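Undergrad: The structure follows.
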Amino acid sequence: MSGYSLHIGLNYVDPNAYGGWDGELAGCINDANAMEQIALSHGYQAARLHDAQATSQAIIGELGRLARTAVAGDICLITYSGHGGQVPDSTGDEDDGQDETWVAWDRQVVDDELHQMYSQFRAGVRVLVTSDSCHSGTVARMVMAPEIEPGARAQLRPVEQWTPRARMRRMPMDVQMRDYEAREGTYQFVKNLAGPSESRSIASELILISGCQDNQLSADGDVNGLFTEKLLQVYAQGAFPGDYPTFHRKIVELMPPDQTPNYFLLGASAGYQAQQPFTVAPPSGTGGGTGGGGGGTGGTPVTNRPTVRLWSRGADVEYLQQRLSELGHSVSVDGIFGYGTQNAVREFQSARGLTADGVVGPATWSALEGAGQQPGGGQPGGGQPGGGQPGGGQSGGGQPGGGQSGGGQPGGGQQPGGQQPGGGQQPGGQQPGGGQQPGGQQPTQPRPTLRYGASGEDVVYLQNRLIAWGQNMTADGQFGPRTLSAVRSFQSSHGLTADGVVGPATWAALG
């Protein structure tokens with residue numbers, strides 16, 4: 001097992017590449033050096049790219065080198081500090097119509113390129129990315145500064161507290177437009193090389209902790225960027241004892257309300273996330289059926305968590321998002337119960353036969369905390385492995401229930417949504433051969449024909465079905481470019497006319 005790291009920092013970019021704009025910042029090289037010191041203290045083999053070294057070719061080349069070098073059990077740390085940017089999305093991959101970028105020395109590196117590089121890491125490799133830049137929620141710096149309108153500033157903590165002598169980490173709009181016009185062919189070329197997002201699978205386990213959300217700005221300071229400054233404060237020279245979700249939450253608690261660091265996962269296991277940040281050793285193996293109560297009592301899981309709903313905040317919401325993410329739902333782990341979280345909750349509830357109201361009360365908590373567990377888990381206190389016999393699940397499985405809830409009989413653990421013999425749960429609550437497709441119940445009423453520009457509950461249902469079929473998107477109820485792209489991809493892969501119109505044939509294929 002080994003640790004490898006790459007630390008990118010740009011206080012300047014090449015003015016010849018950006019029409020005379022040099023992108024001056026103050027804290028980015030310091031950020032890169034500080035993150036490199038953390039890596040070295042943990043035994044990583046570190047590389048760095050500063051200013052003129054950080055060309056687009058060098059960044060992609062170093063990411064490729066890491067992907068070729070790391071093997072299962074290794075960890076790769078990638079840190080970026082500099083401007084973040086956006087270019088128009090021409091492929092329909094982005095819900096907001098913009099591709100997020102890292103602003104390299106010579107051109108912008110588009111998130112499609114980065115995701116393509118991440119897809120080259122082998123299975124069993126842990127990848128940790130930190131990005132102190134603007135629009136960095138899912139890719140990868142601007143600041144809150146004097147341009148904030150007075151009315152908005154009044155709603156925030158004092159700007160001086162967060163951005164002393166702050167610089168704008170923003171590529172000016174005129175520079176951004178000129179750059180895109182000059183390099184539109186280049187950006188289209190690299191996006192075509194990367195391919196559609198649906199075709200890029202991530203075999204490794206990736207955690208991205210970024211300076212802000214995709215629609216927010218990040219602050220530059222005199223010494224460090226604000227996000228990196230607070231990260232270092234929480235890290236406390238290695239004294240921080242918690243796991244990755246707690247590390248993220250503690251950073252968020254120190255940030256202003258207008259800059260919320262994001263926690264984004266791609267295939268990251270619970271074992272990886274439970275490690276202390278930057279740990280090189282792989283997580284120890286996990287397994288169920290240890291007995292002695294370790295695998296559960298065979299009854300419905302018990303929870304004392306509070307009821308949470310739209311616009312709830314805090315650790316319980318972050319835990320909720322964590323569980324949803326682990327179960328395959330597309331949701332940001334940021335501790336804020338927004339519309340994306342509500343849609344994911346409704347999808348989960350619908351798939352498990354619960355009232356799909358988006359409110360997480362005792363029944364939903366129990367289903368969440370019981371979902372994904374190993375079959376059986378041991379008789380109560382008996383220390384015996386297993387316990388799930390054929391027909392052991394009553395709820396939703398369609399098989400005779402083999403055991404009483406909590407009674408300690410074989411197969412007594414109810415599984416929300418049904419289970420195979422022995423407890424193996426299927427997506428959507430039906431055993432193979434039951435006639436249903438992955439991810440939820442088939443509609444009982446014919447669905448209307450949907451096309452680009454539609455909105456509402458039927459679009460939410462459509463998006464949830466597409467997510468269940470593996471599309472990477474958000475169920476926001478708006479049939480926009482991202483949904484259109486996902487529909488066409490689904491239709492093409494199922495031998496349907498790829499026109500982006502969801503009619504009877506497409507609904508039937510979706511299930």
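The backbone N, Cα and C atoms fix where each Cβ goes, glycine too.
What TrEMBL records for this protein is below:
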{"type": "DOMAIN", "residues": "16-261", "note": "domain 'Peptidase C14 caspase'"}
{"type": "REGION", "residues": "282-306", "note": "region 'Disordered'"}
{"type": "COMPBIAS", "residues": "285-299", "note": "compositional bias 'Gly residues'"}
{"type": "DOMAIN", "residues": "313-368", "note": "domain 'Peptidoglycan binding-like'"}
{"type": "REGION", "residues": "367-452", "note": "region 'Disordered'"}
{"type": "COMPBIAS", "residues": "373-438", "note": "compositional bias 'Gly residues'"}
{"type": "DOMAIN", "residues": "455-510", "note": "domain 'Peptidoglycan binding-like'"}
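Help me see these features in their spatial surroundings.
TA: Within the domain 'Peptidoglycan binding-like' (313-368), the DSSP-based counts of helix, strand and coil residues read 32 helix, 3 strand, 21 coil.
Along the domain 'Peptidoglycan binding-like' (455-510), the predicted structure has mean pLDDT 83.
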Undergrad: Within the domain 'Peptidoglycan binding-like' (455-510), count helix residues (DSSP H, G, I), strand residues (E, B) and coil residues, in that order.
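TA: Helix/strand/coil tally for the domain 'Peptidoglycan binding-like' (455-510): 32 helix, 3 strand, 21 coil.
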